[in-house]
Amino acid sequence: MQREQWNSRVGFILAAVGSAIGLGNIWRFPYMAYENGGGAFFIPYLFAMISAGIPFMIMEFSLGHKLRGAAPKVFAKLGQSYGLRLEWLGWFQVFIAAIIAIYYVAIIGWAISFLGFSFTQSWGADTNAFFFKEYLQLEDNSPTRLGQFQLHIAIPMAIAWSITSLAIFTGVRGGIERASKIMMPLLFIMVLTLIGRIIMLPGALEGLNYLFEPDFSRIFDAKVWSAAYGQIFFTLSVGFAIMLAYSSYLPEKSDISNNAFMTVLINCGFSIMSGIMIFAVLGYMAQEQGKELTEVVSSGVGLAFVTIPAAINLLPLPYIFGPLFFLALVVAGLSSHISIIEAVTSAVMDKLNLARKKATLLVCGTGFLASMAFATNGGLLLLDLVDYFINNVALLFSCFVELIILAWLFKIADIRDYANRLSEFTLGRWFDLCLRFVSPAMLAIILVKNLINTVTDGYGGYPIEDQLILGWGLIATMLVISLIINLFTSDKEDVL
Ligand code: PHE
Ligand code: NA
């Protein structure tokens, strides 16, 4: 059977951008920049983008394009030519994608609910109590004492799943590409509209001052650099099977390097746009409430579902801003969710020789059931704990191993040659240097630091058994299952 293909170059880039731009850009990047030196953060961030993000993206696009498979097949084929069995790494990445998929969808579900509330600001004045108590119904739960099933959270999650599965079910061109072509322009228009209006509000410019004012003393702080590097892999969706799957559908003639540059630049540009949007709102909010910006600033779930609703309450025309903001959140989230599910589905299709429609039903059906664990009183806690371990341990480990294998076991210059043959501009030796030295060194430092911190302090004060089971245990299980699959795959099968 012929592998599916993207219809156009723009379609591919929009799909890759759709994956890269996600909740992380909107709620993580702005706060990270603010916390790590403001305007001065852009120096480490640009450095991480150029030395790690762009080369990594080019590498994954080249591998997917050349080896025409989802992550397990790519690594299996790669290992084969060197007499090594590397399929496990692909499965480990697919498992990371699968875990992220089942909790990411919970957040999209909340955003869908809040999109509904935003038309009338039915979250009321105390947005904190509304989100945690009334909406999530968080009580004395823990990540393993989840309490009861919450239908009002499950329903929006089911809506998110149906959109994702429809896109995957319909296929690369008709589903994913078409969805991205609608979603991405829509997202940019919405965010630009929001910025255009918010920036005129009193206090908005002071907010931007907080974001951009450079604190150059922070540039010498190792923490700032590790924050920049840590963010870059997650924000670009590299290192966990996604970009490999997407680039496996590239047509023969594709300008790999150019596509990678575009994807990275658009993603990082969007991050800066969201920074402007968020800090303009926060600046306005601080001014209205007569507070300092430092008192209102937040990130993550708290920013999106507590602070922003409170800010929307204060806005003129809240019933326009609210829906625009939450629709942007839903669209950014869904396009990423589609990409994670495609990474899993394409691996299942490759491995079990299943047709797309069957594989979609299998993956989305299982994923839907598993994700229901998050539609509970304690869902947020479970999500928080799993997300921490996946991001700070599993994902960095996977990126690190991928780099070491590709840059040290194999010849990275071969990948550069491959990309250069296909691309308009030529990559120089900096590409090899970044992937062999700079990125692995930075990744190793961050990974070791995270491991030490997590082993000594744990995370978030959750019960230690919970951390052992849902953190370390989960990662170990993913690794063991990957290795078992690897073990039971005969070399013949590898040829595919
Ligand atoms: N790149 C996404 C972001 O910045 C993260 C992501 C994408 C996570 C795809 C999971 C799956 O939010
Ligand atoms: Na991103």
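Note that Cβ sites are derived from N, Cα and C of the backbone, with glycine treated the same way.
What TrEMBL records for 12-30 (among others) is transmembrane segment.
According to TrEMBL, the feature transmembrane segment maps to 42-63 (among others). Distant neighbours of the transmembrane segment (42-63): 33, 36, 74, 78, 219, 224-225, 227-229, 231-233, 235-236, 238-239, 243-244, 247, 250, 256-257, 259-261, 263-264, 268, 399, 403, 406, 412, 415, 418-419, 427, 431, 434-435, 438-439, 442-443; these residues of the same chain sit at least 6 beyond its ends, with a Cβ under 8 Å from one of its Cβ atoms.
Residues or ranges marked as transmembrane segment in TrEMBL: 88-112 (among others).
The transmembrane segment annotation in TrEMBL covers 149-172 (among others).
What TrEMBL lists as transmembrane segment is 184-205 (among others).
Only residues 6 or more beyond the boundaries of the transmembrane segment (225-249), in the same chain, are considered here, and those with a CB under 8 A from a CB of the stretch are 3-6, 12, 15-16, 19-20, 22, 24-25, 28-29, 32, 35-36, 41, 44-45, 47-49, 52-53, 56-57, 60-65, 67-71, 74, 90, 93-94, 96-97, 100, 172, 256, 263-264, 267-268, 271, 336, 339-340, 342-344, 346-347, 391-392, 395-396, 398-399, 402, 439, 442-443, 445-446, 449. Under the heading transmembrane segment, TrEMBL lists 225-249 (among others).
Residues 13, 16-17, 20-21, 25-27, 29-31, 33-34, 45, 49, 53-54, 57, 188, 191-192, 194-195, 198-199, 201-211, 235-236, 292-293, 295-297, 303, 307-308, 310-311, 314-315 of the same chain lie 6 or more positions beyond the ends of the transmembrane segment (261-286) yet place their CB under 8 Å from a CB of it. For 261-286 (among others), the entry in TrEMBL reads transmembrane segment.
The annotation transmembrane segment is assigned in TrEMBL to 324-349 (among others). Distant neighbours of the transmembrane segment (324-349): 15, 18-23, 25-26, 69-73, 90-91, 93-94, 97-98, 100-101, 104-105, 107-108, 111-112, 114-115, 118, 160, 163-165, 167-168, 176, 179-180, 183-184, 186-187, 190-191, 193-194, 237, 240-242, 244-246, 248, 304, 308, 312, 355-356, 359-360, 362-364, 367; these residues of the same chain sit at least 6 beyond its ends, with a Cβ under 8 Å from one of its Cβ atoms.
Within the chain carrying the transmembrane segment (361-383), a Cβ under 8 angstroms from the stretch's Cβ atoms is held by residues 98, 101-103, 105-107, 109, 132, 136-139, 141-151, 153-154, 157-158, 161, 164-165, 168-169, 301, 341, 344-345, 348, 354, 462, 470, all 6 or more beyond its ends. As annotated by TrEMBL, transmembrane segment applies to 361-383 (among others).
Annotated transmembrane segment per TrEMBL: 389-410 (among others), in sequence order.
Long-range neighbours of the transmembrane segment (430-448) within the same chain, counting only residues 6 or more positions beyond its ends whose Cβ lies under 8 Å from a Cβ of the stretch, are 48, 50-52, 55-56, 58-59, 222, 225-226, 229-230, 393, 396-397, 399-400, 403-404, 406-408, 412-413, 416. Look at TrEMBL and you will find 430-448 (among others) tagged as transmembrane segment.
If you look up TrEMBL, you'll see 468-488 (among others) marked as transmembrane segment.
Here the transmembrane segment (389-410) does not touch the transmembrane segment (184-205). Their Cβ atoms form fewer than 3 pairs under 8 Å, with each pair 6 or more residues apart.
The list of residues near the transmembrane segment (468-488) in space but at least 6 beyond its ends in sequence, with Cβ under 8 angstroms from a Cβ of it, reads 72, 85-92, 95-96, 99, 143-144, 382, 385-386, 388-390, 393-394, 397, 454, 459. Proximity of distant same-chain residues to the transmembrane segment (184-205), defined by a Cβ-Cβ separation under 8 Å and at least 6 residues beyond the stretch ends, is recorded for 14, 17-18, 21, 270, 273-274, 276-277, 280-281, 283-288, 315, 321, 324-325, 327-328, 331-332, 335.
Counting residues 6+ beyond its ends, the transmembrane segment (12-30) has Cβ neighbours under 8 Å at 6, 104, 107, 176-177, 179-181, 183-184, 187, 211, 231, 234-237, 242-243, 246-247, 249-250, 254, 259, 262-264, 266-267, 270-271, 274-275, 277-279, 299-301, 303-304, 328-329, 332-333, 335-336, 338-340 in the same chain.
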